[in-house]
Amino acid sequence: MRTIDIFDTTLRDGEQSAGVNLNTVEKIEVAKQLERLGVDVIEAGFPAASKGDFDAVKRIGETVKNISVTGLARASIRDIDAVWESLKTTAEPRLHVFIATSPIHMTHKLKMTPDQVIEKAVETVKYAKKLFPVVQWSAEDAGRTDLNFLVKIMERVIEAGASVINLPDTVGYMTPQKYGEMFRFVRENVPNIDGVKLSAHCHDDLGMATANSLAAIENGADQIEGTINGIGERAGNAALEEVAVALRIREDFYGASTRLKLDEIKKTSALVSKLTGMRVPANKAVVGNNAFAHESGIHQDGMLKEKTTYEIITPELIGVNSTRLVLGKHSGRHAFKNKALELGFDLNEEKLKEAFDTFKDLADKKKEIVDDDLFSILTNKQTEIGEGTGFNLERMQVQYGMDNIPTATIELRDENGDLKQLASTGSGSVEAIYNTIESMLPSPSKLLDYKINSVGGGRDALAEVYVRLEYDGDNTSGRGTAQDVLEASARAYLNAVNRLLQQKATMKEKVAVKAGV
Ligand SMILES: CC(=O)SCCNC(=O)CCNC(=O)[C@H](O)C(C)(C)COP(=O)(O)OP(=O)(O)OC[C@H]1O[C@@H](n2cnc3c(N)ncnc32)[C@H](O)[C@@H]1OP(=O)(O)O
Ligand SMILES: CC(C)C(=O)C(=O)O
Ligand SMILES: [Mg+2]
């Protein structure tokens, strides 16, 4: 049985999803869960892209100890240096450097001739190899690259020191047969390919990312790149959970496996979905809420007689807990702590106590507390912004009537502890709330996107609101959870503003430290 390496790019290509913006604390939580899931490599970001990305990659490298962490770089010395500076103290610093090789990209985007692209690729890989023990080189848009050119450039970058070569289907154009043939072709034609790992990186524009990744494995790929829940640029990347479960369920056919602890999949999927605000569709393979639901009579009859009639994956395989009611208002701290650990949260005593208090408050209002509720409370606690940052919602009252103008009265406490109160109207309750908050904030802000999900099921389910906004000229996003949709809406707005203020404060502090102030 071959073992396939799993290269997770949720925090790099996944974060390139439109509207997704994770802060460093959230990225670290995802990285820790990816470590528990057992991925082999985490691509933590693109350090040259921004100070925030640089810091996140550095902090993840310092936090995650048992797996390799990498950062992405263009074929540019400045980008490579940024990855090195962010990862140089980690156990196995790894670089991922790329340049496009398709005629379309070379001509129109890079404005370089094929020979110039080879020269640039070789020069940068040689430079990188002096710093990094492992250099992964990617031929961006390999899927639309001339195969003979691909062979030529691969031979040269391997000579220069690349030991992992990735052949991305950057625009999701490939079919399984064509993508598989490309891997077979380079295996058979690149003269110095022995000992080099081949990696597949698929996008889902035509809905074939998982099938293409599996075809690459059939044809000699040693590593699969993808993201949790398949999030990513445009239609997303290959969903790692789909690839790993397909290999397990069809072991007979693929004869390959991964090192993933499959029973951590559901938890990882839920965390990524919650933090990114990208809800997993109910019918999504492996991790969708309906993936194990049997609705029709004939199917239910079959399931009752023999589960294998309609179930090829068991919920337990991916860590779905069939006992849904877990804790109630009579539960104590020990059971709560145990449950938190079982759900993968290792909070300090203070945060645990605060989470327990929130749980007790909720248990007073809600009939059943399910894992989803606890997961939401614990994730919010784990990733919350520190005290004293930005604005706190102290009180809110909303008046709504079909024949009245909706009015929101809000009391906010700012970071100096001062209380402010204001009332405004709007065409609906949420607009009234947002008009009031916007009038109370010191800088101009504008709502760009609003999404609402329910956590778990039932009429008393928690509401989770995601917003994207522009505040003081910068884009930011936030989420808020509450039993009431209006309170969740207000909290999400303030969370977005507070996240931005905290990010700016951290940057300012760093600049001051650097300047020795
Ligand atoms: C397929 C992928 O997923 S690729 C990864 C995509 N991820 C990102 O882009 C991360 C976020 N990006 C950023 O923050 C910015 O784009 C930066 C910091 C990387 C670059 O910003 P800018 O310097 O302002 O350049 P901008 O983004 O406008 O254009 C990209 C430039 O990089 C060049 N470029 C693109 N890919 C490569 C490459 N692999 N190697 C070298 N140069 C490259 C382009 O040709 C263009 O160069 P030009 O300015 O000479 O025309
Ligand atoms: C940077 C590369 C690997 C990429 O994300 C792509 O080509 O899709
Ligand atoms: Mg990609």
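Backbone N, Cα and C atoms are what each Cβ position is placed from, and that goes for glycine too.
Going by TrEMBL, these are the annotated features:
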DOMAIN    4-266  domain 'Pyruvate carboxyltransferase'
BINDING   ASP13, HIS201, HIS203, ASN237  Mn(2+) binding site
REGION    392-517  region 'Regulatory domain'
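Features per TrEMBL, on structure.
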| residue | record | DSSP class |
| --- | --- | --- |
| ASP13 | Mn(2+) binding site | coil |
| HIS201 | Mn(2+) binding site | strand |
| ASN237 | Mn(2+) binding site | strand |
Cβ atoms near HIS201 (Mn(2+) binding site) (within 10 Å, other residues, all chains): 29
Residues that sit under 8 angstroms from ASN237 (Mn(2+) binding site) by C-beta distance, when 6+ apart in the chain: THR9, ASP13, GLY14, HIS201, CYS202, HIS203, ASP204, ALA209, GLU225, GLY226, THR227, GLY230, ILE231
Other same-chain residues whose Cβ falls within 8 Å of the Cβ centroid of ASP13, HIS201, HIS203, ASN237, the recorded Mn(2+) site, in sequence order: THR9, PRO168, THR170, CYS202, ALA209, GLU225, GLY226, THR227, GLY232, GLU233, GLY236, ALA238
Binding-site residues compared (ASP13, HIS203) - the one with the fewest other Cβ atoms within 10 Å: ASP13
Secondary structure content of the region 'Regulatory domain' (392-517), with strand meaning DSSP E or B: 42 helix, 52 strand, 32 coil
In sequence order, those binding-site residues of ASP13, HIS201, ASN237 whose CB lies under 6 Å from ligand 2: ASP13, HIS201
